[in-house]
Amino acid sequence: MKETIRIIGIDPGLRRTGWGIVESLGNSLHFIGSGTVTSNAEMDLASRLCQLHEGLSKVLHEFMPHEAAVEHTFVNKDATATLKLGQARGIALLAPAQAGLPVAEYAPNAVKKAVIGVGHGEKQQIHMMVKVLMPRASFDTSDAADALAIAICHAHHRQSIVSARRMQALLAG
């Protein structure tokens, strides 16, 4: 018997961290919610990270997902910006882990391939396919749309992850 799994996808960013929640039952996907957690750019870094953590924690408490998926960040030429993005990504991994959720991570190309069929594509293609896959989906920012795409990617890949975890448990036990 198949069970409904509620998944939160998180698109980390220091200014805006997108979140999107879907329910997966077999091959069927249903939109639950999406949004963006923001931090105040005028505050110090530690305070901004606290804002992101508090915002994500509220979303997790409100929607009670079963699993989480976070996108890997890319390294750019600005080392300081990359480091700050990495710290925001740490919050995106920490909040669901603290809530007791298993957290999967996906490269941007894997997300694109799961949603649009190829590993390289434009954001507009991803956003359009999110709407095709879940016609009731709504998102107010690009970050929220990307987070929904991350959740969709996890819904497509989760069975192989679950099987691998079971195999590890059998080998360890």
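Quick reminder: no glycine exception, Cβ is built from N, Cα and C everywhere.
Swiss-Prot has this to say about the protein:
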BINDING   ASP11, ASP143  Mg(2+) 1 binding site
ACT_SITE  ASP11  active site
BINDING   GLU71  Mg(2+) 2 binding site
ACT_SITE  GLU71  active site
ACT_SITE  ASP143  active site
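Within the same chain, residues at least 6 positions away in sequence whose Cβ sits under 8 Å from that of ASP143 (Mg(2+) 1 binding site) are ASP11, GLY13, ARG16, THR17, GLY18, THR36. Classification of ASP143 (Mg(2+) 1 binding site) by DSSP places it within a helix. For the binding-site residues ASP11, GLU71, the largest tally of other C-beta atoms within 10 A is found at ASP11.
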